[in-house]
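Before any comments, here is the structure.
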Amino acid sequence: MATLRVSSLLASSPSSLHCNPSVFTKCQSSPRWAFSFSVTPLCSRRSKRIVHCIAGDTLGLTRPNESDAPKISIGAKDTDVVQWQGDLLAIGATENDLARDDNSKFKNPLLQRLDSKLNGLLSAASSEEDFSGKSGQSINLRLPGGRITLVGLGSSASSPTSYHSLGEAAAAAAKSAQARNIAVSLASTDGLSAESKINSASAIATGVMLGIFEDNRFRSESKTPALESLDILGLGTGPEIESKIKYAEHVCAGVILGRELVNAPANIVTPGALAEEAKKIASTYSDVITVNILDAEQCKELKMGAYLGVAAAATENPPYFIHLCFKTNSRERKTKIALVGKGLTFDSGGYNLKTGAGSKIELMKNDMGGAAAVLGAAKALGEIKPRGVEVHFIVAACENMISGAGMRPGDIVTASNGKTIEVNNTDAEGRLTLADALIYACNQGVEKIIDLATLTGAIVTALGPSVAGAFTPSDGLAREVVVAAEASGEKLWRMPMEESYWESMKSGVADMINTGPRDGGAITGALFLKQFVDEKVQWLHLDIAGPVWSDEKKNATGYGVSTLVEWVLRNSL
């Protein structure tokens with residue numbers, strides 16, 4: 001690979017769970033229970049090593065390759081852009097940075113000096129390509145000694161999303177050129193405070209790390225990106241910026257885990273596989289994280305009838321209830337919180353089977369996107385180790401399948417707080433599993449809860465594929481999460497909790513039904529979950545059905561990990 005020298009460019013099946021369909025429903029006139037459980041041990045052949053290195057047979061004999069997360073040396077440097085040496089230089093420029101003088105020369109000092117070294121090639125190329133610095137624009141210059149990429153940042157680069165996009169564009173150019181050493185710089189840092197520069201460097205690093213990552217575990221042949229080092233130029237140096245970049249690396253590792261969990265098919269990531277991944281996280285960070293995995297029999301003892309009702313039909317892959325706890329040795333504790341993730345490793349819809357092209361049943365492996373975000377956050381926090389906060393990570397993992405033992409439309413299940421639910425739609429199963437998970441979280445004595453779930457298609461209709469819906473009765477918690485999401489560059493929008501809609505969720509024979517009319521479906525879904533949260537606990541529900549998956553890239557996004565980690569840190573000492 002040639003080295004870019006800006007100053008001289010022109011010179012050179014096992015046992016399983018069986019239970020009767022109406023799990024944990026007790027008729028008032030008949031106190032009899034009828035259960036028959038036979039539970040696969042957690043370390044059975046089907047769930048021995050999870051996601052990163054599966055051992056044992058799976059349906060289709062698929063065995064993924066090792067995870068190939070990027071290993072990049074990242075540093076903040078004060079090297080002059082014009083003097084930097086490497087394979088590819090990416091420069092982020094706003095529309096103002098591209099302004100020209102009367103002689104069609106750049107007014108921006110950095111672009112002016114760079115263009116002078118290149119004998120006007122930069123200005124000529126930007127004119128020829130009609131590059132004006134608009135968001136989404138980019139041009140690539142192939143030069144004898146390497147490449148230069150100009151990336152548009154729009155009218156102003158004032159958000160982490162802009163710098164994240166710059167990093168992603170740099171990563172795309174690096175992959176195309178198979179570059180080993182790249183640098184990223186801003187054309188201008190005018191108006192950026194010292195803190196903003198640090199945050200910008202972190203966002204750029206995040207964009208490069210996530211942009212360079214490719215999930216090739218299920219490809220018979222793949223090309224590993226060549227990128228080895230990233231220099232971030234002109235945004236400062238020193239311990240603070242290096243610490244922020246290291247933080248970004250830890251968060252990206254969590255995001256990549258989240259992506260891999262969602263990308264992996266349901267014949268690889270089963271409920272047992274998620275449980276094993278949780279055990280792996282606890283083992284890796286045993287100084288701060290403990291794990292407790294409950295099997296079906298233990299969940300039965302806790303009267304988790306809503307969760308077990310959903311899981312009843314999955315005779316090949318029994319449910320596992322996952323509870324990780326993060327706690328440092330510090331005696332000081334600011335707050336105690338819980339992160340709850342929906343963990344449906346596959347959702348067929350049950351007897352209300354998903355049918356037709358619009359059902360996207362082939363993508364129902366992503367119905368555990370909430371669980372993936374929670375486990376990704378656990379991994380990141382295990383590395384970061386914030387002080388003074390206790391975090392409970394909770395996932396009720398199971399499959400929603402069809403069998404003679406399965407839950408039927410019209411069945412009534414009883415949650416662990418005693419509330420009864422008439423199941424009028426077996427495809428509204430996630431909220432049933434979350435009901436028992438939220439009750440369990442409240443029983444841990446937490447003060448705040450965030451749950452994440454691919455809960456409704458209605459939220460995608462309302463907000464589109466890129467924005468999550470946030471539901472909470474707490475204005476204070478809403479502000480906390482919105483600020484954390486903005487700092488992380490993830491998009492969410494607070495939605496109303498219209499209490500009058502609850503009337504449509506009332507049952508004639510039980511306390512409630514599990515799904516209401518089509519209109520306002522995302523709201524009634526959130527109102528349903530609210531029935532299982534203690535009134536004294538602050539709670540926020542994130543419906544991530546849209547941003548969990550990118551149709552354009554045909555890949556998981558890892559949505560939620562960054563926001564969760566940022567929110568936890570803001571609740572720490």
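Glycine too: its Cβ is placed from the backbone N, Cα and C atoms.
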Which candidate from Asp367, Asp411, Asp436 does Swiss-Prot annotate alongside Lys342, Asp347, Glu429 at the Mn(2+) 1 binding site? Asp367
Between the binding-site residues Asp367, Asp427, whose Cβ has more other Cβ atoms within 10 Å than any of the rest? Asp367
Of Lys342, Lys354, Arg431 (the recorded positions), the residue whose Cβ has the fewest other Cβ atoms within 10 Å: Lys354
Could you tell me which of these binding-site residues, Asp347, Glu429, has the fewest other Cβ atoms within 10 Å of its Cβ? Asp347
Looking only at DSSP and grouping its letters into three states, which state does Arg431 (active site) belong to? helix
Taking only the Cα atoms, work out how far Lys354 (active site) lies from Arg431 (active site), in Å, as a whole number. 17
Nearest to Arg431 (active site) by C-alpha distance, among the binding-site residues Lys342, Asp347, Asp367, is Lys342
What does the structure give for the C-alpha distance between Asp347 (Mn(2+) 1 binding site) and Asp427 (Mn(2+) 2 binding site)? Integer Å is fine. 8
